[in-house]
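Below is one structure, written out as structure tokens; comments come after it.
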């Protein structure tokens, strides 16, 4: 079967990763130590996309856990699903990256990277037919951002024809935990533009908003945020993990979603968003799911798609859903919001179905959109970057690890290019190629 190797790097990546494994273990009927006690053959059928089978009905995640300090790893190990992971797959340093991208990418991280690649290689060799890699990390820190992007480029070198998907937590405008986030994020985006095939952008602020507005949680914890992220990750990977009517793998997703190679940054959303205790009190319908899924308040990246246009998008419905109803609803959304979809890609909405709903829900839907409005997010980070870089603030932390100012300048301009590429396609229309013949057009009108 088509296996995926999962990597999680840094504190954020490991916490999101742990939540993801907890969610999908539940969906596949595995308990905290990886023993299968599920009820349906469907849970087993494509188990090997994410799990290796060990002896005695036990399944082990094909996950590599990486960090430059032992703290988060110990927390994962002590957590409810800590016994799930293979002990050899924990790779950690002792020094930490101290939120410094250069430490993760060039000094501390570079020392650890070969050790990680050995584990990755071992996992890849055990695969029947590897389809690709997915990595969870944040872009604002040192390890997830710096070392995460280093791993991506090394894996790219060694497995050039395999897919590379990233779940990247982008720094948010209001919720910031380090001053140098804009530097780390810009340097990371510079790498992701070149080396990733699909990047799902998640942003803490949008998650906070969802928790407060929709889930009515007065002070959300990181646990609540990670719960949301794991719901989306579980949704995005559904088609890979369960046999469905419209199956897909990482490559099919990319083929449908990425019209131009650099524009592979997706917004994700999930429905129904209900607070953890309340979901059992009412039934959800397909129209409600569709409406909620396309609601800007549901997007897990702080950019409003109404300020841009969708190049492509994809919706994954789970549960006992009628195909016809889904098709009708999706057509309906497109007709109502026709101005938010570019008209030069016909049929740019893709739907997939899977009959197994997530735990505790009758049906759900996950949304992945490639919208030009994601440029807001890069613009925001870029402005903060420029403000600091103009004064060369904090640069000595990076140059001290051997980085060059030139690299900052390159990263900045690459990100600005990305923003203007999105802008260009936002404004593009079908008739652009015909502007060279104004005379003929006027003749016809007479």
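Every residue gets a Cβ built from N, Cα and C, even glycine.
Straight from Swiss-Prot, the features:
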BINDING   11, 69, 138, 142, 143, 144, 204, 226  GTP binding site
BINDING   69  Mg(2+) binding site
COMPBIAS  432-446  compositional bias 'Acidic residues'
REGION    425-446  region 'Disordered'
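Feature map: annotations from Swiss-Prot on the structure.
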residue	record	DSSP (3 states)
11	GTP binding site	helix
69	GTP binding site	coil
138	GTP binding site	strand
143	GTP binding site	helix
204	GTP binding site	helix
226	GTP binding site	helix
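Around residue 144 (GTP binding site), a 10 Å sphere centred on its CB holds 32 further CB atoms from the protein chains shown. Cβ neighbour count within 10 Å across all protein chains ranks 204 highest among the binding-site residues 204, 226. Cβ neighbour count for residue 142 (GTP binding site): 29 (other Cβ atoms within 10 Å of its Cβ, all protein chains included). Within 10 Å of the C-beta of residue 11 (GTP binding site) we count 24 further C-beta atoms, all protein chains included.
Long-range neighbours of residue 138 (GTP binding site) (same chain, six or more residues apart, CB within less than 8 Å of its CB): 10, 11, 12, 13, 144, 145, 168, 169, 170, 171. Cβ environment of residue 143 (GTP binding site): 9, 10, 11, 13, 66, 67, 68, 69, 96, 97, 104, 109, 137 lie under 8 Å away, each six or more residues apart in the same chain.
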